[in-house]
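Q: Would you mind keeping the following structure in view while I ask a few things?
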Amino acid sequence: MAPAPPPAASFTPAEVQRRLAAGACWVRRGASLYDLTSFVRHHPGGEQLLLARAGQDISADLDGPPHRHSDNARRWLEQYYVGELRADPQDPTENGAVASAETQKTDPALEPQFKVVDWDKDLVDWQKPLLWQVGHLGEKYDEWVHQPVARPIRLFHSDLIEAFSKTVWYSVPIIWVPLVLYLSWSYYRTLTQDNIRLFASLTREYSMMMPESVFIGLFVLGMLFWTFVEYVIHRFLFHMKPPSNSHYLIMLHFVMHGQHHKAPFDGSRLVFPPVPASLVIAFFYVFLRLILPETVGGIIFAGGLLGYVLYDMTHYYLHFGSPHKGSYLYNMKAHHVKHHFEYQKSGFGISTKLWDYFFHTLIPEEAHPKMQ
């Protein structure tokens, strides 16, 4: 017979208040207590919205307005469970509130799904690297990978390979912005010093001179081109569903994007590591050089590379930043978090919703009335 699980910790209202006074952000759902201190800065609605509810019952907030929290959001909450609220025999004035909390009921149909997360009973062993394990999940992989967890991930046994699979956010501008500046300067000089003609390889008679002013247009075109690449890769490659009988395609999907959906707040896996990024960037450079005149392709590539840098920085900020309510980034953060927690088959734009509008993959608006 398996040993009985240890009893849940319990806290009196006075103990909860002491933690709140020390700066912690505890909330409750009925009599269940959750320590959201480490999650406050990640909350898609902003820090202040969560801090304003410290010490309060959030049961009604989970159902909205402004929106009803998804099943994944409720599972996520359970990872922060710390115990139960209990009466204090030394302070009978608080016991009425405790009794009220204990009698509050949650949806009985949902309650069994959202018990305290038991890492020992998950489909994988979290004490070991995950990559080889996920390939064995088969038909269970797709559901498992879209149930996010609040913990870091290890992919490989080898420390060296593991190091190449992660990076810090600031490696992206440090490595790629100098290359953007160099390419931009180099190709701009080519425009000013050489007689660059468009379509010269096809016909000399109808070829056109390229003035210096075309640089800005081509550079911006490259940035726009990146937003399209971002959308296409995210939708059709990262969100492909690997065959359940293919061990290696499941592993490939997990390396490319599944790991990010499983652990969306693992900061070391939010931006593209330099080594694999170099291979992808080199591919696009060669591709543009092959299909376009060298200078044209080079300028578009430089703009696209800057677009990639802005995309990766935006992506990191959407996960870890706290944009002002009503701002562009605030709306993009809410949009992206919904993609992670509820709408994995829509909302593929990260730096812009442009292509979601164009291809009709916008996340639907909720019908809840606006908060006053």
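Glycine is treated like the rest: Cβ placed from N, Cα and C.
Pulled the feature table from Swiss-Prot, pasting it below:
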BINDING   His43, His69  heme binding site
BINDING   His234, His239, His257, His261, His339  Zn(2+) 1 binding site
BINDING   His260, His315, His319, His336, His340  Zn(2+) 2 binding site
DOMAIN    8-86  domain 'Cytochrome b5 heme-binding'
DOMAIN    219-361  domain 'Fatty acid hydroxylase'
TRANSMEM  168-188  transmembrane segment
TRANSMEM  213-233  transmembrane segment
TRANSMEM  268-288  transmembrane segment
TRANSMEM  290-310  transmembrane segment
Q: Of the binding-site residues listed here (His43, His69, His234), which is spatially closest to His260 (Zn(2+) 2 binding site) when Cα positions are compared?
A: His234
Q: What parts of the chain pack near the transmembrane segment (290-310), using Cβ distances under 8 Å and only residues at least 6 beyond its ends?
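A: Same-chain residues near the transmembrane segment (290-310) but 6 or more away: 172-173, 176-177, 179-180, 183-184, 186-188, 190-191, 194, 196, 198, 200-201, 210, 215, 218-227, 229-230, 281, 284, 351.
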Q: Are there residues of the same chain, six or more positions away from His43 (heme binding site), whose CB falls under 8 angstroms from its CB, and which are they?
A: Leu36, Leu49, Leu50
Q: Do you know which of the binding-site residues His260, His319, His339 has the most other C-beta atoms within 10 angstroms of its C-beta?
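A: When each Cβ's neighbours within 10 Å are tallied, His339 leads.
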Q: Non-local Cβ contacts of His257 (Zn(2+) 1 binding site) (under 8 Å, 6 or more apart, same chain)?
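A: The list for His257 (Zn(2+) 1 binding site) reads His234, Leu237, Phe238, His239, given in order along the sequence.
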Q: Within 10 Å of the Cβ of His69 (heme binding site), how many other Cβ atoms can you find? Include all protein chains, please.
A: 16
Q: Should His239 (Zn(2+) 1 binding site) be counted as helix, strand, or coil on the basis of DSSP?
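A: Coil, per DSSP.
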Q: Name them in sequence order: residues not among His234, His239, His257, His261, His339 whose Cβ is within 8 Å of the mean position of the Cβ atoms defining the Zn(2+) 1 site.
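A: So the extra residues in range turn out to be Phe238, His260, Gln344, Phe348.
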